[in-house]
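Under the heading domain 'Plastocyanin-like', TrEMBL lists 29-137, 146-285, 379-489. Feature annotation from TrEMBL assigns signal peptide to 1-17.
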Amino acid sequence: MKYLILALALVAGAANAAVVEYELTIGYGALNKSGEPVTAMLVNDSYPGPVLRFKQDDTARIRVTNELDVDSSIHWHGLLLPPAQDGVPYMSSLPIGPGETFEYEFPLKHAGTYWYHSHTDLQEQSGVHGGIVVEPPGGSSGQAEAVVVLQDWTDEDPHQVLHNLKKDGHYYALKKDSVVSIAGYLQRGAMGNWWESRWTRMGAMDVADVGYDAFLANGEPEIRLFEHALPGERVRLRLINAGASTYFLLHSAGLDSRVIAADGLDVKPVPVDEVLHAVAETYDLEIAVPDSGAAELRASAQDGSGYASILIGRGAPRHAEPMTPPDLYASHSGHDMTGDGAHDHHHIHHGGPRRLAYSDLDTLEAQRYAGGPEARTIDLRLTGNMETYNWSFNNIPLSRADKILVERGETVRFRFINETMMHHPLHLHGHFFRVITAAGKGPMKHTVDVPPLATVEIEFLANEEQDWFFHCHNLYHAKTGMARVVRYSDYNGNPEFMAAKKSSPDIRDTDFYFAAELKLHNQLGMAEGWTANARHRFEFEAQSLDWEEERGDLAYLYRLNRWTQALAGLEKEAGEDVEYRLGLRYVLPMMVDMDLYLTDEGDVEVAFDTHFQLTKRVQAHWEWESEGEYHLGVEYRFNERISAEAAYTDTVDASLGVKLRF
């Protein structure tokens with residue numbers, strides 16, 4: 001009898017299923033989100049793109065037309081679908097070329113809030129993203145609801161943003177007012193923390209890389225929702241963090257809120273005051289409409305540099321209190337380093353605001369893999385270098401990494417050990433995984449936050465096939481190497497895709513970036529620059545003293561690890577023979593660069609240099625070489641490109657001038 005009931009249910013479900021079709025067009029369009037009109041990439045001429053709505057068991061048929069002059073693609077973030085429909089160029093399919101149309105078709109296996117975005121180049125930052133809602137098989141509950149897509153917006157071309165970060169990982173600190181200085185440590189009585197940061201070579205801390213021009217909700221700095229809902233009515237807010245690199249802190253003016261779904265899956269309701277919403281996660285909040293007036297749900301950028309405002313209800317709004325900015329001068333050793341799981345250390349007790357922790361989430365479906373073999377654990381250290389802006393797993397970027405091989409049917413556990421001072425939102429395509437928390441509840445998710453210096457474990461059932469992408473969903477981290485391919489062991493890859501990728505213009509962690517400085521002083525002229533990728537670096541320097549004595553240096557460096565590079569170079573001074581050098585460059589404690597090399601004359605030479613950020617705009621720099629040369633400099637930075645500078649050297653007592661950065 002029970003089999004007959006099951007069969008009837010399956011037939012009824014199939015009878016109610018439908019093929020739901022959408023037409024999406026990716027093209028250029030003008031946007032002005034901060035007072036500066038720019039050209040963006042839009043989906044159906046909207047930013048964000050349209051919300052796609054389905055019911056579970058429907059079949060999605062979506063035709064995507066590319067009207068750009070470059071390749072594009074669409075990835076369906078969080079949806080379980082066949083590999084060929086996943087939308088990762090050169091892994092699951094070829095990209096959609098200019099003027100081409102690709103038809104995606106896949107079944108909707110599960111309900112919830114999800115989203116779509118380009119997986120090509122930096123198009124996600126440029127505007128190619130939108131929301132997805134999959135309702136349960138029976139349809140909507142009738143509860144009033146709204147989809148809110150959170151966004152970070154830059155007026156700059158995202159390629160220039162990445163180039164700026166490659167020149168200096170702290171390039172945007174001045175714009176964001178997040179420069180960490182000795183003056184700031186002194187004001188806080190925290191010079192011990194400064195010493196610790198220098199001695200451990202961790203350097204200045206920040207929680208975000210990019211200086212954005214606006215933070216938006218559904219493309220606007222402020223939106224109003226549920227104006228016609230009754231006071232006290234409970235409404236559903238489907239929140240999607242489509243930011244390229246921004247974590248949002250959700251906090252409100254006293255709204256009665258509870259989390260009812262995470263990454264699309266229903267959870268037991270959790271009352272909250274705050275949610276740290278990682279990049280690429282989705283959360284469904286159930287909110288009581290205020291009894292009178294409207295109340296603000298504020299999505300504040302985690303670094304405190306701005307926010308988007310969501311007003312709930314009608315009438316005069318009550319605004320949320322500004323968030324407390326992160327303490328960039330705190331001790332690095334103060335960060336949680338336990339294995340309790342991401343977000344756990346954010347849960348505040350003792351009458352403070354109730355901030356969501358992963359350990360609060362109890363997914364309303366099976367969470368363990370009964371009868372499966374013991375999980376195989378794979379350690380992945382989250383590694384990076386803000387000075388060179390390279391990101392990786394186990395200090396190996398995607399271009400040099402082996403595939404992570406899995407056997408179909410096995411349970412795989414990833415242990416993430418974050419060795420950096422950044423949050424990393426890690427996303428596994430094609431699978432849900434269980435987040436292992438101290439509470440043992442193990443919520444199911446597709447994206448997990450790994451906080452600074454923390455260890456987080458997840459496990460998943462390897463029940464798919466072929467290749468699936470796994471990466472940090474900070475767009476700029478992923479593009480500089482923080483990614484892997486999870487491959488099922490019986491698959492050898494698609495030769496057509498692999499051949500096409502070799503000639504593609506896609507951003508790679510092997511790409512070279514160029515930077516240069518020009519110093520023009522009254523008694524000194526100097527030009528220096530470099531071009532580098534994750535492994536190779538070429539440097540040049542040309543100097544003129546009193547505009548008469550010239551000297552030039554060339555060097556090639558090969559990165560051995562984060563702290564060490566092999567060095568080969570030469571120096572030529574006017575009237576002297578070329579001197580050839582072979583040695584090492586090593587970053588000493590206190591963040592002092594040391595060049596130790598052997599010359600072609602058999603001499604062993606050593607040189608040291610470092611800098612100190614004295615105030616927000618003033619930086620000191622010194623160099624010393626064993627041959628007796630030295631350089632002391634102080635610069636005042638007007639902006640990211642221009643500084644005034646004073647210098648004192650062994651050959652020129654004092655000089656004044658400007659420094660220009662390119």
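Start at 1 and count along the chain as shown; that gives each residue its number.
Note: Cβ is positioned from N, Cα and C throughout, glycine not excepted.
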Rounded mean pLDDT for the residues that make up the domain 'Plastocyanin-like' (146-285): 97
Three-state composition of the domain 'Plastocyanin-like' (146-285), taking helix and strand from DSSP: 29 helix, 52 strand, 59 coil
Counts by DSSP class (helix H/G/I, strand E/B, coil) across the domain 'Plastocyanin-like' (379-489): 8 helix, 57 strand, 46 coil
